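Since the structure comes first, as structure tokens, the remarks are kept for the end.
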Amino acid sequence: MPLKAELHCHIEGAAAPELVIRQAQKYGKDTAPYIQNGSFVWHDFTSFLAAYDFSAELFRTEEDYARLADHYLTSLARDGAIYSEVFTSPDHATKAGLSPKAYTDALGEGMLRAKAKTGIEGRMIVTGVRHVGVESIERAARFAARCGNPLVTGFGVAGDERVGEMEDYVRAFEIAREAGLGITIHAGELTGWETVQAALDHIRPSRIGHGVRAIENPDLVRRIADEGIVLECCPGSNIALKVFDSFADHPLPALQAAGCKVTLNSDDPPYFWTSLKREYDIAAEHFAMNEKALAAVTRTAIEAAFVDRKTKAALLARLNGAAR
């Protein structure tokens, strides 16, 4: 089993159905409309968001969030992952009645619990949400810059790509960049190549969340390759959300063949009936990646990770040791 690393997963979207059911029992909520036969059920983007929001609202206390992070990273480690970055949302903290700091520190505590048991390293990317608004995104950036938690190492923007313009988020990313945080932004998923180009022009990230619609513009693909931008690809998510009709249509192999740096990620794994392990299995089955190619994908992820040099070197040493 190849060692794995993940750069793109939303922590609220990583809550496994069995954990959500336990949380629902704790708070007296009925999961029947959203979980059936041990799986999340939804039929379009609106119903997906409804299921997601229902589950997210079941995490309300610091211990709830610590349990969530511990549960997810421990499950990743069981599947061979040695590194995990998760997107966190101060907006979810506010909805839960927690301060962003209490929420973040609780998630960090869960990560440390998982590390103590399994050795997995975890980091957080504080994330603003497009459809919540520019002011909220800038608040998230200011929080990320000053929160003081050593596991917060990145800043990003997610949410509905159809809302807002990249120019709107320049100040937020300036705040994050000045604080030394790694920069990533969702683009080129539900919208076309234009959002990827706008992100490169205005935000100047080192990584793009998804970015797969760049395949629609050969000049943009060349630019991504030339600039060494790392794509956080999520094939299982893309098929579940009908960004592409099938894995045979997915552009990851073409992007890689064009010289783009690609990684494998699960996005919101239980909602898309996937996992990081399954993403690696998909790459093996549908993209003809052998063990060496999969190890190279993991290496790309670790090299692009928002983590200090010492930890990165240790992760690469683990990967090199496993490859011998």
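Cβ atoms are placed via backbone N, Cα and C, with glycine included.
Here is what Swiss-Prot says about this protein:
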- Glu189: active site, proton donor (ACT_SITE)
- His8, His10, His186, Asp267: Zn(2+) binding site (BINDING)
- Asp268: substrate binding site (BINDING)
- His210: site 'Important for catalytic activity' (SITE)
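For the residue listed as 'substrate binding site', the Cβ neighbour count at a 10 Å cut-off comes to 26, with all displayed protein chains included. Ranking the recorded positions Glu189, His210, Asp268 by the distance of their Cα atoms from the Cα of His10 (Zn(2+) binding site) places Asp268 first. Of all the recorded positions listed (Glu189, Asp267), Glu189 has the fewest other CB atoms within 10 A of its CB. Apart from His8, His10, His186, Asp267, the residues listed for Zn(2+), the same chain places the Cβ atoms of Cys9, Gly13, Phe87, Ala158, Gly209, His210, Glu232, Cys234, Ser237, Asn265, Asp268 within 8 Å of the centroid of those Cβ atoms. Counted within 10 Å of its Cβ, the other Cβ atoms near His8 (Zn(2+) binding site) come to 28, all protein chains included.
Note: the Cα of the residue listed as 'active site, proton donor' and the Cα of Asp267 (Zn(2+) binding site) are spaced 12 Å from each other. Within 10 Å of Asp268 (substrate binding site), as judged by C-alpha distances, the recorded positions found are His8; the full candidate list was His8, His186, His210. Counting every protein chain shown, 23 other Cβ atoms lie within 10 Å of the Cβ of His10 (Zn(2+) binding site). For His210 (site 'Important for catalytic activity'), the count of additional Cβ atoms within 10 Å of its Cβ stands at 27 [all protein chains shown].
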